[in-house]
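> Just passing along the structure, written as structure tokens.
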């Protein structure tokens with residue numbers, strides 16, 4: 001074999017070896033890239049929500065999902081652009097949903113089952129009370145954040161049972177804090193009510209420093225006040241806590257306040273307002289959207305070591321509103337007149353007292369409670385500067401436009417704007433007659449009780 005041919009073979013061999021090395025390096029690079037893409041993500045953020053069947057919990061789950069999707073979508077998009085740029089638009093959302101459980105897992109706890117649409121591959125449901133030790137200890141495993149939204153006694157059988165309210169709302173919360181801390185939970189957010197500080201006296205721009213009253217309106221408020229103190233004292237290095245106070249939660253689809261108002265408006269009897277001493281009382285409600293913002297931002301703030309913890313924050317709408325006039329745009333949108341008569345506060349309060357007395361005797365929920373009426377008739381406005389400063393809270397002014405849109409799209413047209421709604425004065429007559437009947441009933445009851453006690457005081461069987 002000639003030197004020339006040997007040289008050519010050697011060059012071909014070197015060239016083939018170089019090609020193999022290049023291919024091998026490219027393969028290794030590709031394998032390395034794939035390995036980076038497919039390497040396991042950090043442990044997902046695990047959240048536990050008590051009161052998980054409620055409207056607030058449902059909206060909180062939706063917000064946490066939205067936040068997680070927004071955070072991982074850019075990463076998924078970047079990954080898919082390298083692999084399959086032609087189908088990127090159809091693939092991203094599907095891939096985000098597929099990978100969602102890798103980034104967030106939610107556990108809902110309640111004695112009632114949530115709506116089916118809430119439960120997904122990353123949302124689990126545990127049917128139990130939050131004071132069930134065995135079940136809760138299991139549910140709390142590997143949980144990072146607890147949102148404690150549940151409580152009893154606002155209505156229902158527990159409203160008349162002080163021991164049950166204290167055992168569940170106060171002692172139950174204390175036990176939940178202990179189990180959470182022992183399980184490694186890092187952040188604990190507790191939801192409370194302005195009822196814990198409202199005593200029936202006017203409150204103007206009240207801060208979180210307002211003290212607790214000597215006497216509470218009901219067992220619910222008393223037990224929540226005790227729970228607030230417990231949550232504050234439990235805050236420390238291992239687990240940081242925050243208390244959020246709400247006032248009259250309302251919003252599209254919310255049942256306790258909003259749907260009660262809508263149902264009453266649809267009867268056509270939303271025709272009166274009340275102005276004690278000639279001035280309508282002012283309040284600050286808490287829209288669902290603002291509540292969710294407060295919950296999310298409180299959790300995020302607790303992640304930073306320089307953020308105060310063990311604090312109480314007022315979470316309300318941005319500005320005070322009239323307790324009755326606030327709802328007027330909704331009443332008009334439902335097709336009713338804007339005309340209103342002004343009624344005195346006394347018959348409204350009498351109705352609330354009678355309603356609550358009858359409800360307590362019959363062991364049912366009152367049509368309207370004394371606390372609810374006083375919150376309508378007495379000024380109660382709150383300062384939200386602390387939440388704005390510490391949490392970055394940026395509340396909206398009102399959710400009334402969203403509520404109007406929600407119900408106008410869901411109620412049948414003949415219900416929203418039926419004909420023959422010009423009977424305003426007939427309704428006024430009915431209202432006046434009802435007020436007179438209440439006065440007569442109260443007077444008759446008082447008179448007969450007086451006669452009975454007089455006879456008993458004179459009776460001597462000996």
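Backbone N, Cα and C define each Cβ position, glycine as well.
From a predicted model like this one, the values you see are computed outputs, not experimental measurements.
Here's the feature list from Swiss-Prot:
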type	residues	note
BINDING	51, 52, 53, 54, 55, 56, 220, 224	NAD(+) binding site
ACT_SITE	224	active site, proton donor
TRANSMEM	321-341	transmembrane segment
TRANSMEM	428-448	transmembrane segment
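How buried are the listed features, and what sits near them?
The number of other CB atoms found within 10 A of the CB of residue 220 (NAD(+) binding site), across every protein chain shown, is 24.
Residue 224 (NAD(+) binding site) falls within a helix when secondary structure is assigned with DSSP.
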> Under 8 Å Cβ-Cβ from residue 224 (NAD(+) binding site), six or more apart in the same chain: what's there?
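Residue 224 (NAD(+) binding site) has long-range Cβ partners 151, 169, 192, 193, 195, 196.
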> With the NAD(+) site defined by the record as 51, 52, 53, 54, 55, 56, 220, 224, how many Å span the farthest pair of C-alpha atoms?
20
